[in-house]
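This report concerns only the one structure given below.
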Amino acid sequence: MPIKTRVLVVDDSALMRGLLSQMINLAPDMEVVGAAPDAQSAREMIKVLNPDVLTLDVQMPKMDGLEFLERLMRLRPMPVVMVSSFTEAGSDTTLKALELGAIDFIGKPRADGGRSVENYAEELVEKIRAAKAARLRRAMTGNSVRAATPASASPKSGLGASGKIIFVGASTGGTEAIKDFLLGIPADCPPILIVQHMPEAFTASFARRLDSLCAPRIIEAKGNEKVEPGTIYVAPGHSHLLIRRGTAGFLTELAATPPVNRHRPAVDVLFDSAATLVGRKAIGVILTGMGKDGAQGLLRMRQAGARTFGQDESSCVVYGMPREAFLIGAVEEQCSLDEMARRVLGAVSA
């Protein structure tokens, strides 16, 4: 009989603990071994129960989820999926949790009929499976992130005038991977369009966080913006992001069409538009993530003459999307996350 994934649910709400536990226990390969109402109880249960994965409420009494997560990752690192409210404060806190080492997050189930219980349970279970299989990432130390920007990312690199456009896709582990990649990108970079699988309530906070850390201007795409050098456009969580041709260059386009590969925004939608309209002037980058979204789109980009890059297995939190792309021949060059910015900038200047 296969060994089940042992999950500890940590949430101050008895109702939420019961609901999450019920959803997880329905999965044939999982079992909830305990449910803790606060950080102190969770700490004791971890010692006794030795769970494989933790689901952790962002906001709890006594010691909040962030403080507990920071201590956990320092003293007893383990895979954690954060459970967050769909608020601006909740999204900012969740992004901080990912920086501290949480593998992924999911919003709390809502009673407004936004999605079915079955759909939510399926996503929760998938994220727990991915978390168990994921590589734990060391949280960043207190060093200045701007100081980590390499010399090649000087304000006057000249790369923005290359006529190239960079397209990036990521999922699980992607918030930190995208940040690390963009820390190596200069202020006058070519335009960059990014799809990160993320709910609507979180993408604006994600873009603001990146903008505060990285040299280029980084915004959440609104649609119909001129695609300009020195600007990075992050897909909003409610729509697909595409590129389209305008009278004087390229524009962003948002499409609230059905999900593709069960995602909206989907990486394949962005990459397909790049292959069709930008062709040899495009550069495609696929980073860490669960599933196969982006693989076919990256292949079409390569077939259209674009340079294509995939994150290697050793540096991925989840080697899913880059693996699928590599297996079908979509990836021209595989490299570590540490090398990605340098390799991509080399392709821009080639």
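Every residue gets a Cβ built from N, Cα and C, even glycine.
Here is what Swiss-Prot says about this protein:
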ACT_SITE  S171  active site
ACT_SITE  H197  active site
ACT_SITE  D293  active site
DOMAIN    6-123  domain 'Response regulatory'
DOMAIN    159-350  domain 'CheB-type methylesterase'
MOD_RES   D57  4-aspartylphosphate
All-chain count of other Cβ atoms within 10 Å of H197 (active site): 26
Helix, strand and coil residues within the domain 'Response regulatory' (6-123) as assigned by DSSP: 54 helix, 26 strand, 38 coil
Other C-beta atoms that fall within 10 angstroms of the C-beta of D293 (active site): 30
Coarse DSSP state, helix versus strand versus coil, of D293 (active site): coil
